[in-house]
Amino acid sequence: MSSGSIVSSTCARCRPVKPVSVAAYPRLRAVAFRVAQSIPVVIGVVVISFLLTRTLPGDPAAYFAGAAADEASIAEVRKALGLDKPLIQQFFIYVGDLMQGDLGQSISSGRPVATDLASRLPASLELTLTALILSCGIAIPLGILAATRPGSWVDHLCRVLVTAGVSLPTFFTGIVLIYVFYYLLGIAPSPLGRLDFIYLDPDRVTGFYLIDAALMGDWETWRGAAKQLILPAITLALFTLAPIARMTRAAMLTALSSDFIRTARAAGLSRGTILYGYAFRNALLPVVTTLGMVFSFTLGANVLVEKVFAWPGIGSYAVEALVVSDYAAVQGFVLAMALLFVALNLVIDLLYTAIDPRIGFSSK
Amino acid sequence: MTDTTTRRNFLKMGMAGASVLPFLRAMPAAAQGADTLVVVSGQTINSLDLHRTGTNRASYQVAVNCYDRLVSFGTKEVPGGGLSYDYDTIVPELAESWTVSEDGLTITFKIKPNATFWDGAKVTAEDVKWSFDRAVSVGGFPSVQMKAGGLVRPDQFEAVDAETFVITLDHPSKLAIPDLAVPVPFVINSAVAKANATTDDPWAMEYLHMTPAGSGAFKVLRWTPGEQLVYERNDNWVGGPVPAVKRVVVREVPSPATRRALVERGDVQMSFDIPDKDAAELAEIIDVYSTPIENCIHCLCTNTKFEPFQDADVRKAVAYAVPYEDIFQAAAYGRGAPLWGGEAEITDIAWPRKTQYYTDIDKAKEYMAKSGYPDGFEVPLSISLDLASWMEPAALLIQESLAQIGITAEIEKIPGANWRTAALVEKRLPLHLENFGGWLNTPDYYFFWAYQDGHLFNSSNYRNEEIEDLVNATLHMPMDDPDYAPKIKRMFEIVLEDLPRIPLYQPALNVATNGAEGYEFWFHRQLDVRPLSAG
């Protein structure tokens, strides 16, 4: 529908830039190349997600016709859902809609999938990002300290935290945190999702409550949203702490024992310069890689945390859609995740070049 | 539209200043005064229109709370404490009075002259007709449910004048009027709906899905799918006593553990549909209502398509092998009602009833010995993963007991999305657990769905000619007909002898309250917020 105009307007905007960019901005060209590379991936995802949802056991028509439906009403529902058409035709209809930016209609929520995703993805992203910032804030310093003082109490603390983080399932940590901080101590707010019912949602700009509330200058709501965020974010942070801390420690150990650090020490550089200027910068590459993996993993896998804290995120949306064979919703979720990961990989690649200029895009 | 309500247009919605107050910025505990109740539930409301394809069970509560029907059921005390709807008493809702013709074919309703929709328009017979036409025309569940009361075609409904509405039945049926009190035939503001209908969508499904237009006790103030629904009282409601609370927030909290913590701390006033285990434990601390669900039985079904189960002695052996008490304690934590160890002689027509069977392994072994399968056999015992909370413990206990009489039962877990197809449509599961419950509370209605050949919940492929005739004869027969009780007793006798379904126990609907009063159980197993008050 309107996508045609969007495409043409963006093209119109980039046309004067293009000749300049190719010549003068190798990084921009590299980004464009990267984006182009991801197109086959996205096409593959579209095809596979379509086929996979169709091979799911279960008949959405029978499900949505309700428990007391007879054959005739199931057939009516099947027709209404367009599931009576041959598979190949269904696929082309789906792709046609997709071209127009239409992800289809979710049967279970009765709303366009794009609307559902737009309301739920920010909730998951806000939670995941907060948890990751929190976990990086703890895990990276801890990893560095553990690496610089192997065998010390910091190292042991790191090991204990990491083991606990890995071995405690998130729903368990979540319930324990609720039990202690909400039920017993009464410090935490009611675990009722993103905002207690006495607040109104902030006006939607980004969908991130903290950002939207701040944009409105509504600090009361901001505080409300932040309070709701603390426990689930800690739960997820505990879970993501382990890989980041382990990777930081290992990468720092490798870096600290390498030749260039010995050279730097011999040259009499200060301890801080050696540690943060040379060792940490080199150790960052694997850490960033891990971070990317942890992020993508967490976003999809925090269903359990979402359930425990009544968080209206994308994970529980996908699971519910899957349970009722809501094809459009499942496909929309897979596609959104695929696009997100493509973007994420791009960001990580860009980060690589920023961290280590030796890794150029020119080499690929 | 409700889902896109932002703070700004929400304020513009024309609410009186005071009613908006509790949602402005932060209003601490004061907001939860006598005016507002917060209910948590694990289910998600996916539509505000029951007639839409894909509307789930949790959404039926919107039809109950926001719309009116012509009639409703009365209220009665439950023996175990608490309140329940009363199937035997029909009370007016939108109708002021009604008369049934001599031949039982014509029902004439007088609509309350002062009944108005939320927008102030008068509720007319034309609105009722449009709504009923919609219910029988849209197909799917609403049309099936209407059919149960003998309502199939739009030409059965006639708006004689603004306040007179006439239903013409093809045959007299005792189910017709009760079927008007179920959530399905709710009355929609047809002027609003028609204004938002299109040629592709003549019944305004798209519009009413998000925006209810009714005359009911509550309006939908806000609806955020997947998060919450906020009801606000309609002060001009004439369908019954105006509700005591101004606002009810139904918040979706999927984790039962979280719901339990919330209601136990008193931050929410009610947790709806809690697990049996929580109900048993919470009952010591706060108010818990566990109402046995009327006309609902958790059964072990022996499929007659499976050869060994064609042997009556095998079915009896299974019935005597089932560890009823253990199942009741392990699967239901003692919530609900036992359905075993009763008298063999049938003296009343109460259903569900206690069967004459009880756990007796020796007796079971005797029956096995004289059956055609003295050495036992192997059979898969199927359960649905969606209902694993009760089916899994029950299946494990049954498996253990069946092993003692030589039947090796392998437990087969079937994903929820497949369960319906496998168990009810294809009816291919040899031995499985089942949980049908009928909305209309008469034994013949249960038998119609669960024991007549080819009907959906007859997952055992049971067919008995006498049952076929008896059900057909009793389904629409008035319950005070002298023939009714003997026929029903005969039906009980046959199926309890033939045992295509072995009743295990009657499940309960559990609701915990902490600061809310007036909870009433309804057959639709959804929350009717109208009688609630803060306590």
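Every residue, even glycine, has its Cβ placed from backbone N, Cα and C.
Residues or ranges marked as domain 'ABC transmembrane type-1' in TrEMBL: A:121-352. The transmembrane segment annotation in TrEMBL covers A:31-52, A:127-148, A:160-185, A:225-245, A:283-305, A:333-355.
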The transmembrane segment (A:225-245) and the transmembrane segment (A:127-148) contact flag, 3+ Cβ pairs under 8 angstroms: yes
Chain residues in Cβ proximity to the transmembrane segment (A:160-185) (below 8 Å; excluding those fewer than six residues from its ends, i.e. six or more beyond): 142, 191, 231-232, 234-236, 238-242, 245-246, 302, 304-305, 307-309
Same-chain residues near the transmembrane segment (A:127-148), Cβ under 8 Å, at least 6 residues beyond its ends: 154-155, 157-159, 161, 210, 229, 232-238, 240-242, 244-250, 252-253, 256, 275, 280, 287, 291, 294-295, 298-299, 302, 305-306, 311, 313
Chain residues outside the transmembrane segment (A:333-355) and at least six past its termini with a C-beta under 8 angstroms from it: 27, 31, 34-35, 38, 41-42, 45-46, 49, 98, 103, 117, 121, 281, 284-285, 288-289, 291-292, 295-296, 299-300, 314, 317-318, 321, 361
